[in-house]
Amino acid sequence: MPLATSSDRGASLFGVQMLRKKEQSLRNEVDNHEPRIINICENGRKLVEEGHEDAEEFSKLVKDLEERWARLRDALDARRQALLVSEKAHQYYFDASEAEAWMSEQELYMMVEDRGRDESSAQNLRKKHQTLEGAVDDYADTVRQLGDASRQLIQEGHPDSDQIAVRQSQVDKLYAGLKDLAQERRQKLEEALRLFGLNREMDDLMQWIAEREVVAGSQELGQDYEHVTLLRERFKAFCEDTRAVGEERVAAACAQADALMAADHADAATAAQWKDTLTDAWADLLELMETRAQVLAASWDLHRFFHDCKDVLQRILEKQNSMSDELGRDAVSVSNLQRRHANFENDLQTLGSAVEGIKHQAGQLGAAYAGDRAREIQGREGEVVAAWQRLLGACEGRRTRLADTGDLFHFLSMVRDLLLWMEDVVRQMNTSEKPSDLSRDVSGVELLMNNHQSLKAEVDAREDNMSACVALGKELLARGHYASGEIKEKLLALTTQRTAMMTRWDQRWEHLQLILEVYQFARDAAVAEHWLVAQEPYLLSQELGHTIDEVEQLIKKHEAFEKSAAAQEERFAALERLTTFELKELRTREEELEQKRRQEELERLAALQPPPQEPPQDKVDAEASREAVTEQPVLNGEQERQVAEPVAEERVTPGKVRPKSSPAPSATPSKASTMQPASRSQSPPLHATPAAAAAASRSAPSKKLSAPSDEDGQFEGMLQRKHEWESTTKKASNRSWEKVYLVVRGTLLMAYKDQKHFKQDPETHLRNETPIDLKTATAEVASDYTKKKHVFRLKLSSGGEYLFQGKDDEEMTQWLQKVQAAIGDGEGSSGPSRAQTLPAERKEETKKRSFFTLKKT
């Protein structure tokens, strides 16, 4: 019982806990005695119930025992309750002490001034602080539990309520101070982290800017257009990326610095200094990028100019190589080629714009560069312009050659049509030549003559076409056509065919005149014969009259007959005159006699004179005789047309009819004074052969002048040559001096690469140039040319001009004399050659023929 009623509640939590253990042991012991107490009480009550003699005492004892047991139980419960209250108080004090100790320890951590040496250490410190701060936050539950415990104790009326309240107030203040310290520590660490973050961002930006400055400060300008284009595109992307990233990062870093300065950060001055350094570095980078962009743009312009020059030059060469050398096979193909060439030239307009662009770029770049670059720019521009000029020259030459080819085919077509037409005319004249086709009377011959005159009218109608064709041929020759040889041949063939046709027409007309004259003579002779036969009975009549009246009548009749015979005298006198056929035969005999006499005279002179002098005289006489024979047939046609009508009007008079083979010499002068001898149809070789010989003799000199043989005298050697002008309005495309091997042969000046090429192949000239014709050229010393010495100038009639330089004045003078001599030879022979090659005008032909009229015999 003393233990249960003890007032000792413990001085500490440990003491209280020991008392509780003792109280629990006591309770266990009481609980262990409880069955005995209950048994004793039940035995006592049984004894009482059984009427034990000491039942009353037993009843008192049982009651006292129960009361004592109840008091013990109550004392134990009170002791237990008191110990519990004491345990709560001491537990509170213990927990409060523990909390105060923990918070005091945490305050030591919170009051540390270390913010780290760098961002990583600051982050570690912040992590530790976050852990501590989390522990402090978590400790709020413990503090709250202490508060709840204190309030519960106070509410339960604990004797130490005032002390518990004071102790709880101290715990709350200590926890609140710890929270403030944690927050302050957190703010300091965050400021340090922000400063270190700004420092890190600044360092990263400065390093990034330094890396970008290395790229922006590169001096590489590219090796070619593709390279510099790649560099420029990459640098453009680099600039865009740098500006996009840099502006954002620099702005963010500056904003961080401004935020630190606005927040009155302890290191605000350092942040401001970092900001200024960053902005200066960023401005320097932007300026460096702008400079690099300008340098790359200038390099790109230069390399683009070089690339454009190369591209345009390649396009020019492709165009020049794609230009066909085909000239066409006929007029249609030439027209198609001209149309294609016109389209080709239209396509060159874009290329011309590109060349102009090259010139414009060269002008701009030339003002920006100097020295080697400027010379290189000028050289590239010169290459493009020179190639363009060569292409234009080739186009001009191609257009000219196509035009010449078109004119050539037009000329050949006209020549072909005229030749076919002349062949048809000659064929018509030849088909009507057969005697079986001729009418056997005057009217039939006159019909043939009318038909023949219709052919003449057709020839006259075609004269304009003939003149146009000849004029076109002359124009082509004057232009120096590349097919001049063929044109000359066609003109010669046309002229020869025309001459042959006109000769054939004259021969045919002469033949028809002869036939007409023969038939007229036969008709007049038949009429005269019929008249004589009709008058013969009268003349043979023996009637003399039987009376005076009859005689007088017969006399009158005879007088009338004599008058009639006198009227027929003129007709018979006309029959006595020589016909053209007879005069022709007479003339032929006279010429044969004259030729025989001349030959005998030449033989006699040959026997008398020395041998060296004989060949020239014989040659001159032979040539004179050949010329006389050659010219005579050509002139007969015109002269016979002049005497056609007088012959047709002559008639036979009554009288003796003379044989055709016995001409009257007395009639020859009057007859020969008005007409020229005409050829007989039965002897065409007398005219055809001389005409052919004349044509051959006329064509021979022309061929000799145009293509000299190797036997002609020539002068050759090496000279420097410069082609100045192609025509009066067009300069030569290549005006540089070049060393050539020149040969003067006849009136031609030919150029070769060297003597070896000349000896191996004289027909192949330098660059297939056409030999220069010196006929109408002029040569003189180039006194106005001061760049070189020993130079003479050769001017052509077409406007072309050449300069030739010798090694000294002696060589120049020698060449100048040779060229002038060749020019003099060309002037002396150019007239006859041209007249013999090309058809002459009709007036000149008539004039020449009138000169060779026959003399009166």
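Our numbering is plain: 1 for the first residue shown, then up by one each step along the chain.
Cβ atoms are placed via backbone N, Cα and C, with glycine included.
Among the ranges 127-179, 551-603, 763-815, the one that TrEMBL lists as coiled coil is 551-603.
In TrEMBL, the coiled coil annotation falls on 48-75 of the listed ranges 48-75, 300-327, 440-467. Secondary structure of the domain 'PH' (712-824), assigned with DSSP and counted as helix (H, G, I), strand (E, B) and coil, comes to 25 helix, 42 strand, 46 coil. Note on the coiled coil (551-603): its mean pLDDT in the predicted model is 83.
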